[in-house]
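Reading through the structure tokens given below for one structure.
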């Protein structure tokens with residue numbers, strides 16, 4: 001072995017110190033390695049969360065830092081839960097959540113099922129289909145407002161081309177009935193590939209011999225699909241729904257750029273309303289309470305859902 | 001494999017499936033093709049009806065994206081020297097003069113600085129933590145891992161309020177450092193979970209052999225584990241980068257000028273009477289391009305990255 005400067009230094013240092021450095025116990029190393037991450041998460045996530053909880057009991061306004069802050073107890077929570085406008089945003093969020101999940105699951109699963117036929121070029125198609133979900137939601141949302149323009153947009157033109165309804169007679173983003181569907185369409189366009197990828201992984205995890213056995217038993221294709229394919233993909237599908245559900249519950253960027261919550265309040269999702277309260281009306285205390293309610297809702301729903309998911313997995 | 005298998009789909013069903021998937025792909029990529037092509041249209045071509053599929057390409061959109069211009073009177077134009085580059089030529093033909101560079105370049109650079117800065121920090125901290133979680137008995141390991149994951153459930157706006165107040169106090173608002181720390185805080189959960197999965201797959205025997213050879217833990221980590229985990233680290237880095245690259249909510253709430261990234265900027269590109277669509281499309285194209293390339297490079301690790309390693313292909 002060569003005699004490096006480090007070796008010489010090691011010999012020169014008192015043996016106790018050298019042993020200490022060399023022999024850092026695994027436990028110490030573990031702490032040194034984990035601590036920075038935990039500290040950063042405490043500073044960027046937990047500390048702000050606790051601060052939000054504290055603010056939610058006050059009437060603080062961030063744009064007037066010099067005004068005295070009053071402790072208002074649970075009044076913010078009470079006002080939110082009895083405000084009919086809030087229930088309107090919850091309804092808009094539920095509509096968005098429900099239809100995006102239904103469409104993405106149906107289209108995503110079908111696509112995965114088709115791609116799993118292993119035709120030539122299926123890997124290339126998978127890669128191309130996946131591109132939309134990797135793009136910036138804000139930029140995508142902004143450009144879709146162009147595609148939705150009544151006079152010049154591609155969507156209205158396509159509708160006129162297919163159905164004959166004149167393009168200038170309807171505006172997707174400006175109409176109270178169409179706007180909620182316009183945001184559902186863009187979200188589905190962007191995120192169906194996500195569900196598709198996870199379903200594909202589920203389908204590929206099913207071993208061939210099961211089907212071979214079923215074929216020997218003369219089970220019909222239909223029966224094979226419902227008693228084998230669907231149950232075995234279900235845990236994967238549920239995981240996809242969990243991820244999409246959490247993401248769409250906090251949906252902000254895509255919809256802000258598409259409709260900004262309008263027309264009227266028809267596409268005012270909870271996150272957008274939260275942003276208005278916090279950074280436009282500057283009702284910091286009130287919006288903090290709102291944020292906590294949303295967080296608790298997501299967390300609660302997700303926990304219940306994960307329990308159900310684990311049950312399905314165990315079957 | 002045998003020549004005939006009962007599970008192999010028939011030729012016809014393969015054909016039908018292929019045709020349907022190709023049809024979906026064409027439809028789903030149409031908006032993307034439209035973005036890229038709009039970037040090469042002139043203003044009038046971009047808003048003609050019916051939409052123009054065939055057009056003579058122009059780089060006006062890109063010129064508009066990178067320059068600030070004002071309208072010039074014919075007299076002014078007559079006194080101008082003849083254009084010596086293509087940018088001046090295009091602009092002068094429209095009766096305008098260039099007054100300087102637009103802010104797009106600056107915003108794009110901010111995206112690069114913040115994206116790469118937060119990625120480097122996330123990977124550095126994430127690799128250390130992932131190694132510890134993978135190899136050592138960390139007290140409360142499962143709880144800590146779940147805690148790290150749960151930080152992703154919060155709506156960004158919910159923590160944005162106190163972070164906004166905190167950054168104002170610390171002088172971090174609208175700074176690169178502030179945004180790097182923030183995106184690292186958001187990305188680190190992904191980095192730890194993904195990297196732990198990759199490191200779990202490296203056999204422990206390699207390190208044990210190194211330890212017996214007289215390496216310290218640090219040396220074994222650096223010389224044995226890191227090279228083995230290199231591909232995993234690289235793909236994790238790209239996922240962190242893509243997230244920081246695309247993020248909008250924090251960027252729009254916490255930055256105003258100095259450290260603003262491109263996503264809040266692109267929708268504000270205004271021309272005469274509304275958005276300058278060729279310029280918006282040009283900006284979007286430049287901004288989407290790296291992500292599209294990464295997606296194609298990443299296709300093998302895609303599933304792991306988007307699901308925190310919860311699903312493996």
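Each Cβ is built from the backbone N, Cα and C atoms, and glycine gets one as well.
Copied over from TrEMBL:
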- B:12-36: transmembrane segment (TRANSMEM)
- B:108-132: transmembrane segment (TRANSMEM)
- B:108-298: domain 'ABC transmembrane type-1' (DOMAIN)
- B:144-165: transmembrane segment (TRANSMEM)
- B:177-195: transmembrane segment (TRANSMEM)
- B:224-245: transmembrane segment (TRANSMEM)
- B:277-298: transmembrane segment (TRANSMEM)
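Panel annotation: around the transmembrane segment (B:144-165), residues 133, 138, 173, 182, 185-186, 188-190, 192-193, 196, 249-250, 253-254, 308 of the same chain, lying at least six beyond its termini, place a Cβ under 8 Å from a Cβ of the stretch.
Only pairs six or more apart in sequence are counted, and the transmembrane segment (B:12-36) with the transmembrane segment (B:177-195) gives fewer than three Cβ pairs under 8 Å, not enough to call it a contact. Among residues of the same chain six or more beyond the transmembrane segment (B:177-195), those with a C-beta under 8 A of the stretch's C-beta atoms are 113-115, 117-119, 121-123, 125-127, 129-131, 133, 145, 148-149, 151-152, 156, 163, 167, 170, 229, 232-233, 235-236, 239-240, 243-244, 247, 250-251, 254-255, 259, 261, 304-305, 308-309.
The list of residues near the transmembrane segment (B:108-132) in space but at least 6 beyond its ends in sequence, with Cβ under 8 angstroms from a Cβ of it, reads 138, 176, 179-184, 187-188, 190-196, 198-199, 221, 225-226, 229, 233, 236-237, 240-241, 244-245, 259-263, 286-287.
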